[in-house]
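Encoded as structure tokens, the structure appears first; notes follow it.
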Amino acid sequence: MEANSASKWFFLCMVLFLSLQLTKCAVTYDRKAIVINGQRRILFSGSIHYPRSTHNMWESLVQKAKDGGLDAIDTYVFWNVHEPSPGNYNFKGRYDLVRFIKTVQKAGLYVHLRIGPYVCAEWNFGGFPVWLKYVPGISFRTDNEPFKVYVSVSVSVSVCLAMQKFTHKIVQMMKDESLFASQGGPIILSQIENEYEPERKAFGPAGYAYMTWAAKMAVGLDTGVPWVMCKEDDAPDPVINTCNGFYCDYFSPNKPYKPTLWTEAWSGWYTEFGGPIHQRPVEDLAFAVARFIQKGGSFVNYYMYHGGTNFERTAGGPFITTSYDYDAPIDEYGLIRQPKYGHLKQLHKAIKLCERALVSADPTITSLGTYEKAYVFSSKSGGCAAFLSNYNPRSTASVTFNNQNYHLPPWSISILPDCKTAVFNTAKVGVQTSQVQMLPTKTEFHSWDTFNEDLLAAEDDSTFTVSGLLEQLNITRDTTDYLWYTTSVDISSSESFLHQGQHPTLSVKSTGHAMHVFINGHLSGSVFGTKEVVRVTFTGDVDLKAGRNRLSLLSIAVGLPNIGSHYETRSTGILGPVVIHGLDEGTRDLSWQKWSYKVGLKGESMNLDSPNSISSVDWVQGSQVAENQQPLTWHKTHFEAPEGEEPLALEMTGLGKGQVWINGQSIGRYWNVYAIGNCSECSYSDTFRPKKCQFGCGQPTQKWYHVPRSWLKPTNNLLVVFEELGGDPSKIKLVKRSATSI
Ligand code: GAL
């Protein structure tokens, strides 16, 4: 090769090498901040969970987050949707994690990937697949081999399942797509486990051993970016322990050389069916963030920035609502919520003006009065920035700082990026409030077809009979919310209650979550648990006839638990006793007699929710049957999509409880249960300053159910409703959501 062309090649190779080096970025940390490409950064991040919106919404959500002044998007990884059965993976549609991360990357934002794989998150079973519970000898989230590295040996293959395998898999997927910042991708941080500290303490040495194993396992995956453990004060080096909460200014990392990170700044709160709606005033949230930054914090993630929707049966709990709106800056439907969004945007802007000062110096704290302080960050390299705070919850303070006067409203912080001009105060909201309306659309649901479930739960091929009462999840494996328990009650014609016009009383104890009681195909009553009291007991008079009676109990799961030590051991379903009182013999205990079990509903096995369901189904046609108020009824209709771009929702008026689908896609569970709570009450960050308030008491907790536009075709959309209690589907409305500034 000639010298000339050799040097050309050398030059080209160097350019290529350098450009590759430039796009890869090194992420490390020091005591002040996360350090990206040698720069300490103040970072704002927001949680957006990819399965809680459709992939058509992702781009716009991420863009709004960017416009709101965020640097990063944070998401959990939801194991149970990705691995519905051992070794079978699903990363399609809403579950396309790589596509979600690439969407964030395209917008130029970073990612914090919280792999967990325990996530809590008000998500079904805290993100664990239900099959994991049935791995022999398993115990979740502790020093337990089956949980950590379960190896299943079949005839010819051995597959490693469990936590380590899933974590490896996700990390490998990210590496294969070069998504870690060390590879040029957007992921700058990853999380292993989630809020493990309470469990570690409860589990003693086994908890500590598991926690240190999990940290070591994660670090060993060599992602080139730091790992965090949230709410785990013992997180071993190099893992960073981080804070979650309404406030985190009291928090310090466990080593002086780690940065102060806030992985969950709660922007609002989740809702439970039967409970009120929670809202967090933005003044308090902004105050909390400014407090954290002035104390030396350098990373804030809003949990949630967009909460979204618990589609299908992904809501945890039990009783977490289908809406996961969270009073977040972007609402469930993807619309900007003002003034929350705008006020935080201004806060981010003000803090970013201070970034160089904040990362270059430690604050000098001076008292300006009893409740007033100045936090001054000053250095040659970073200039000067100051935070003036008034912690008095009741009165405005007038303070003098650097020979100038400043008025600080109660419970507020002013930000001075040049140590002179206050560009922002957390309590002064200058952004207009958005007025949200659910407006009618032209769509009408004309004619309904109806299919009634068999209220006797008559036996078929899927029925099996055993003596005694069985735990529900063990039978359904959560393939459905529903399990039928059926038995016979023989009554002799000489029973005195038959001749005295009285009724015996039935008592059924269930470990949760809800239950309908049928005697000879008639609904005798229903009971529903609450988040606080999950167990339910049915007690009621029952209409028994002489001869053989059929007692059918439909037990209903309403979202599996997602929190608490060994929540995997909690039972669901009817474990008894089931007894009848008031017979001549006194009390008859039915618990140990023969019970027939049927998993799920007939309509479920016939895929009535799907446009491709078998055609031989005997739907009863015509609108008049819509007035049919019989329990356990399927209703279907076709409709045209409304014009326009506004987000849509179903208003489920006229119905009780059930599930709803559009074009075979599950909108989720609905339940017209009224919110009880103390709606005049707030919880306080201080005696006078509310951090979270309750609303909506005396109204259904959730009235509207998000219908993603992308699930609709222009015409001939199939709407299917399964109603448990009996209701009138003709009252359902399709409405559109509008948010305007006032
Ligand atoms: C945290 C948890 C989150 C979520 C939140 C409440 O403790 O880490 O996953 O459950 O509480 O919304």
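A Cβ is built for glycine as well, from the same backbone N, Cα and C atoms used for every other residue.
Positions annotated as domain 'Glycoside hydrolase 35 catalytic' by TrEMBL: 34-350. Mean model confidence for the domain 'Glycoside hydrolase 35 catalytic' (34-350) is a pLDDT of 96.
TrEMBL lists 373-429 with the feature domain 'Beta-galactosidase beta-sandwich'.
Look at TrEMBL and you will find 482-549 (among others) tagged as domain 'Beta-galactosidase galactose-binding'.
The domain 'Beta-galactosidase galactose-binding' annotation in TrEMBL covers 632-717 (among others).
The signal peptide feature in TrEMBL is assigned to 1-25.
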>> Take the C-beta pairs under 8 A between the domain 'Beta-galactosidase beta-sandwich' (373-429) and each of 34-350, 482-549, 632-717. Which stretch has the highest count?
In response: 34-350
> Can you tell me how the residues of the domain 'Beta-galactosidase beta-sandwich' (373-429) break down into helix, strand and coil by DSSP?
Replying inline: 0 helix, 32 strand, 25 coil
